[in-house]
């Protein structure tokens, strides 16, 4: 390819396509300054890198689609500023304790029947430092899902973990575990929460990796971080060597401290996804919250800017797009591979 017509920073970044080696943080910071139509040139490169290398360490699929179930909702003692489920906030959401196993099975069956092969059980709260009766119920749910839907990839997001629960999840065959660092670690305290530390999340990630559990870990953009800090978060994930990187865009929710936050521009979101792909050529990069509500008409552009996964069927407290619609969406995206 003749790179002479490209911006010098983009031309230099084509090294990722040729070698599969990631860009440096210094290169990422320069790419973040690209204006206007150059963002589409950057997105084009990220799409090529995704197509060549992005099957990911989480599996061989070209597009990683997953669905989650909010199995325990609200009354969380942590004070995450963006979250509707925190009891410190005043969002109007449904509140309930851990659901029964049959409810989880019904939801999982429906998702699997619609063609979704990854299903996650999500609970509100700090997490589980030891195996208590509630955590044991979650383990029993995982076993039931394996028995009834052996081809389903069963995942979980249960908060911070101690060594015993992490070992138990591995023993019960969990496929992926989600726990996000949200922002660059040194801004976690003031941008996200101060009732727990980001180090507790990182310790959980290390425990999961010690037990050979694939880690799904990413962040949220639009909570007050700068682009430079967002890039620092992307490279912090590189150091943690996670398998799946979900990137969320803040959806401001009434009753939370970030309710009036101005949304990020489409161009800035696209640029972030493209840079993340160039920093993580071989990973699954998944677009989660904000796909429908913030990107709207442009959501397909992110799947052509480095993303190769998405959350379908709904989020924890807000509705997403129907799985059938997303299947049609995915089939159209595949024509650009």
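Including glycine, each Cβ sits where the backbone N, Cα and C put it.
Keep in mind that what you see is a predicted model, and the values were worked out from it rather than measured.
According to Swiss-Prot, the domain 'Radical SAM core' annotation covers 58-288. As annotated by Swiss-Prot, [4Fe-4S] cluster binding site applies to 76, 80, 83, with the evidence given as sequence analysis. Per Swiss-Prot, the feature [2Fe-2S] cluster binding site maps to 155, 216, 286.
DSSP gives residue 80 ([4Fe-4S] cluster binding site) a coil state; it is part of no helix or strand. The Cβ of residue 76 ([4Fe-4S] cluster binding site) lies under 8 Å from the Cβ of 83, 85, 86, 87, 124, 125, 126, each of these being in the same chain and 6 or more residues away along the sequence.
Less than 8 angstroms from the CB of residue 286 ([2Fe-2S] cluster binding site) sit 64, 66, 216, 218, 244, 245, 246, 247, 307, 308, 309, 310, 311, each of them six or more residues away in the same chain. For the recorded site, residue 286 ([2Fe-2S] cluster binding site), the DSSP three-state label reads strand. The two recorded residues, residue 80 ([4Fe-4S] cluster binding site) and residue 155 ([2Fe-2S] cluster binding site), show a Cα separation of 23 Å. Within the model, the domain 'Radical SAM core' (58-288) carries an average pLDDT of 94. Taking all protein chains in view, 24 other C-beta atoms sit within 10 angstroms of the C-beta of residue 83 ([4Fe-4S] cluster binding site). For residue 155 ([2Fe-2S] cluster binding site), the same-chain residues that are 6 or more apart in sequence and have a Cβ closer than 8 Å to its Cβ are 66, 68, 118, 119, 120, 121, 174, 175, 176, 177, 178, 216. In the structure shown, the C-beta of 216 has more C-beta neighbours within 10 angstroms than that of any other entry among the binding-site residues 80, 216. One way to see the shell of the [4Fe-4S] cluster site is to take the Cβ centroid of 76, 80, 83; the remaining same-chain residues with a Cβ within 8 Å of it are 78, 79, 82, 84, 85, 86, 88, 89, 124, 193.
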